[in-house]
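Participant: Mind having a look at this structure? Questions to follow.
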Amino acid sequence: MGKKLVMAQRRGETRALCLGVAMVVGAVITYYILGTTVLPLYQKSVWTQESTCHLIETNIRDQEELEGKRVPQYPCLWVNVSSVGRWAVLYHTEDTRDQNHQCSYIPSSLDNYQVARADVEKVRARFHENQDFFCFSTTRENETSVLYRRLYGPQSLLFSLFWPTFLLTGGLLIIVMVKINQSLSILAAQR
């Protein structure tokens with residue numbers, strides 16, 4: 001019976017070690033992928049200065065064309081704010097600024113014009129309710145645009161790194177526990 005117990009224990013230890021090593025390898029692969037995709041975007045982001053913006057005006061433009069999409073026209077919200085003592089155009093995210101310089105907010109549903117228009121009206125009403133809000137600006141002197149929300153900020157970087165770190169820590173803990181168990185088994189067998 002003792003030999004069967006030792007064999008079962010070895011099989012279980014081998015499986016646990018394989019699980020721990022697989023978790024560590026998975027975490028390393030995930031770190032590599034995040035290091036080549038998310039980290040460069042975070043490092044390139046110039047929108048680091050948090051400031052308070054005050055709403056000057058909002059305008060809905062109906063005849064906008066989005067490059068690369070099959071949508072002929074869609075409503076777009078254009079927002080002017082004052083930030084850090086200067087006039088600026090507010091953009092929802094970095095991607096909004098890259099998609100169309102004329103739009104502060106591009107609705108998510110572009111298939112139905114009425115739904116998109118209602119979405120833009122809702123966002124416009126929120127801006128009029130809260131005329132002072134936090135925004136992100138750059139330290140460049142001649143920049144006339146600010147962001148409402150950063151896509152590639154420290155929070156998104158930490159959120160992206162949470163699960164791989166959890167996976168790496170769990171895998172290392174499993175490996176350490178198996179090795180401690182093996183060394184304690186050897187010590188017990190020697191007595």
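The backbone N, Cα and C atoms fix where each Cβ goes, and this holds for glycine too.
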Participant: Hey, which of N80, N181 does Swiss-Prot call N-linked glycosylation site?
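Facilitator: In Swiss-Prot, N80 carries the N-linked glycosylation site label; others show none in the record.
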Participant: At a 10 Å cut-off from the C-beta of N142 (N-linked glycosylation site), count the other C-beta atoms across all protein chains.
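Facilitator: For N142 (N-linked glycosylation site), the 10 Å Cβ neighbour count is 6.
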Participant: Pop the Cα-Cα gap between N142 (N-linked glycosylation site) and N80 (N-linked glycosylation site) into the table, whole Å please.
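Facilitator: Between the alpha carbons of N80 (N-linked glycosylation site) and N142 (N-linked glycosylation site) there are 16 Å.
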Participant: Report, as numbers and ranges, which residues of the same chain sit near the transmembrane segment (19-39): CB under 8 Å and 6 or more residues beyond its ends.
Facilitator: 152, 156-157, 160-161, 163-165, 167-168, 170-175, 178
Participant: Helix, strand, coil: count each for the residues of the topological domain 'Cytoplasmic' (179-191), based on DSSP.
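Facilitator: Looking at the topological domain 'Cytoplasmic' (179-191) with DSSP, the answer is 12 helix, 0 strand, 1 coil.
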